[in-house]
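A.B. asks: Take a look at what TrEMBL says about it:
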| type | residues | note |
| --- | --- | --- |
| COMPBIAS | 228-240 | compositional bias 'Polar residues' |
| COMPBIAS | 241-252 | compositional bias 'Low complexity' |
| DOMAIN | 38-100 | domain 'Sushi' |
| DOMAIN | 165-226 | domain 'Sushi' |
| REGION | 228-252 | region 'Disordered' |
| SIGNAL | 1-38 | signal peptide |
| TRANSMEM | 276-306 | transmembrane segment |
Amino acid sequence: MRSARRGAPAALRLPAPLVPSLGLLLLRLLWCPHSARGDCGFPPDMPNATVLLENRTIFPEGTVVGYHCNPGFVKIIGKVNVVHCLENGQWTTPEVFCQRSCGTTPRVPYAHKKDIYIPVSYHPVGFVVEYECNPGFARNHSISGNVTCLEDYTWSKSEIFCYKKSCPDPGKIENGHINIPTDILFTSQIYFSCDPGYKLVGVNSTYCDYEGDDMIWENPFPVCQEIPTTTQKPSTTDVPSTRTQSTTQKTSSVDVTVTQNQIVFTRQSTSKGSGFLTAGVPVIASGHTFMTLTVLFMMLVATGYLT
Ligand SMILES: *[C@@H]1O[C@H](CO)[C@@H](O)[C@H](O)[C@H]1NC(C)=O
Ligand SMILES: *[C@@H]1O[C@H](CO)[C@@H](O)[C@H](O)[C@H]1NC(C)=O
Ligand SMILES: *[C@@H]1O[C@H](CO)[C@@H](O)[C@H](O)[C@H]1NC(C)=O
Ligand SMILES: *[C@@H]1O[C@H](CO)[C@@H](O)[C@H](O)[C@H]1NC(C)=O
Ligand SMILES: *[C@@H]1O[C@H](CO)[C@@H](O)[C@H](O)[C@H]1NC(C)=O
């Protein structure tokens, strides 16, 4: 190395006493090691490329300078697009690294180029790039999904060859309505509402999405549930409210009648029961029965039956 050859005698010329001077020299060698040496000069022109100077004005040994390819050219994979300043003050001479090519592939609506083309940047004349539809879209087979690099290094026109897939017909919801503002194609939204007297249980809208290759409505459809009237118990929600009411009224009137019958019947039953009890069971059922028994006893005594 030239620096070693030059640095060694300089250090030898300054013996022990001046340590700070030696330090300065070392600093100078480390920080500005090339300033005293040869310079490669301005980097060479490379075909169809522009040098990236990065504000450099001097190009000492070891300097590396890069290039980028001019518009309409791309770097050839495997070739180097830099030059090095060598010890002899000469730049390295790389192989041609920029080649005429169509530029970046065009954007095709609702489609993307197939994965195998993603790392490819060199597109010579006649090069074909194949596209495929994005998820949720289907290919129109009557239109080509390819673009080709033309003689003038532009891409052939890319037509829209993908169209939105359709979701299944949403049909109807019971006691409600489905509003379709646009269509039932991929990404379209539909809205749910319920008839008066019914409330929505679930989402009030959903949209058309893809699931793998299938088209689906993103959310489960809601149901329209009858809103129960506030005065009634919610145990018979699937019976219309008018019927519920009449049944209850009928039941309650029957109840009242039955209750009254039971009261009457209970009184009759009590008197019958007390009559039955006179046949020798020593239980006094009521004051009325006791009086009857007393009178009967006295009559029997008076007539001489019991002596
Ligand atoms: C590409 O470089 C070559 C060689 O330097 C030159 O002859 C040619 O004109 C260049 N092409 C363009 C389009 O600049
Ligand atoms: C070159 O210098 C300009 C102006 O001083 C500065 O804005 C720019 O960032 C520099 N570029 C590089 C690559 O250092
Ligand atoms: C496919 O493309 C042809 C030609 O442009 C067009 O007439 C046809 O309607 C398209 N089909 C679909 C399903 O988009
Ligand atoms: C698109 O490219 C593929 C692969 O190169 C080819 O098989 C197909 O025929 C091309 N289609 C058209 C319309 O050029
Ligand atoms: C739908 O539900 C959301 C909340 O889930 C609510 O913010 C929005 O207002 C509702 N839209 C309609 C039309 O009811």
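The count begins at 1 with the first shown residue.
Keep in mind that glycine also has a Cβ here, set from the backbone N, Cα and C atoms.
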A.B. asks: What are the DSSP helix, strand and coil residue counts for the domain 'Sushi' (165-226)?
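C.D. replies: Summed over the domain 'Sushi' (165-226), the classes give 0 helix, 31 strand, 31 coil.
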A.B. asks: Looking only at the domain 'Sushi' (38-100), what is the mean pLDDT?
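C.D. replies: Result for the domain 'Sushi' (38-100): average pLDDT 94.
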